[in-house]
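Below you'll find the structure, written out as structure tokens, and then a few comments.
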Amino acid sequence: MGRFIFVSLGLLVLAFSLSGIGADQHCPSGWFSHNVSCYKLINDWKTWDEAQRFCMDEQENGQLASINDVGESVKLSDEFSKTWSIIDVWIGLRLSKRKSIWEWIDGSNVTQTRWEEGEPNNFLKKEFCVVLTSRSRYLKWNDKDCNRRHRFLCKF
């Protein structure tokens, strides 16, 4: 009897372990995960403010994505590269006009910067929002006019 319980328990543990392989268990359908966050690539063209509102409406606690470490950056690069190759993508970083510093929309600290060479340049003095650039395989940032339309990345 003891051996049967031990083997049954082992099979149960194995089944639960395998059920999580390749699945985003804690994310809704259409979203992918990295660590404890969920992400969704949105194929609509929106201004930065429109994209932020869309993310908030799409999912409770949704925001344009913050990117807080290199591992997260690499995961996002891999996901974007599967889908798009020549499209820049809004993320949740913008220049605070009040404080003149870059801030994540979700309030998390800017712990790293991944600017493309020569960026941010505030071209024509109206680039206050940030995209992941396709030419960098979505690893680097560029400041852009917030009123331009781009596809975007939501996170919760």
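Using N, Cα and C of the backbone, Cβ positions are placed for all residues, glycine too.
These features come from Swiss-Prot:
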BINDING   E127, N142, D143  Ca(2+) binding site
DISULFID  C27-C38  disulfide bond
DISULFID  C55-C154  disulfide bond
DISULFID  C129-C146  disulfide bond
DOMAIN    34-155  domain 'C-type lectin'
CARBOHYD  N35  N-linked glycosylation site
CARBOHYD  N109  N-linked glycosylation site
SIGNAL    1-23  signal peptide
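Excluding E127, N142, D143, which define the Ca(2+) site, the same chain contributes E119, P120, N121, N122, F123, C129, V130, V131, W141, K144, D145 within 8 Å (Cβ to the Cβ centroid), listed in sequence order. For C154 (disulfide bond) paired with C27 (disulfide bond), the C-alpha to C-alpha distance reads 12 Å. The Cβ of C27 (disulfide bond) has 17 other Cβ atoms within 10 Å, all protein chains considered. DSSP assigns E127 (Ca(2+) binding site) to coil in the three-state reduction, outside any helix or strand. C27 (disulfide bond) and N142 (Ca(2+) binding site) have their C-alpha atoms 29 Å apart, to the nearest angstrom. Within 10 Å of N142 (Ca(2+) binding site), counting CA to CA, the recorded positions N35, C38, C55, N109, C129 contribute C129.
As a whole-number mean, the pLDDT of the domain 'C-type lectin' (34-155) in this prediction is 93. According to DSSP, the secondary structure content of the domain 'C-type lectin' (34-155) in residues is 31 helix, 38 strand, 53 coil.
When the recorded positions N35, C38, C55, N109, C129 are screened for a C-alpha within 10 angstroms of the C-alpha of D143 (Ca(2+) binding site), the residues that qualify, in sequence order, are C129.
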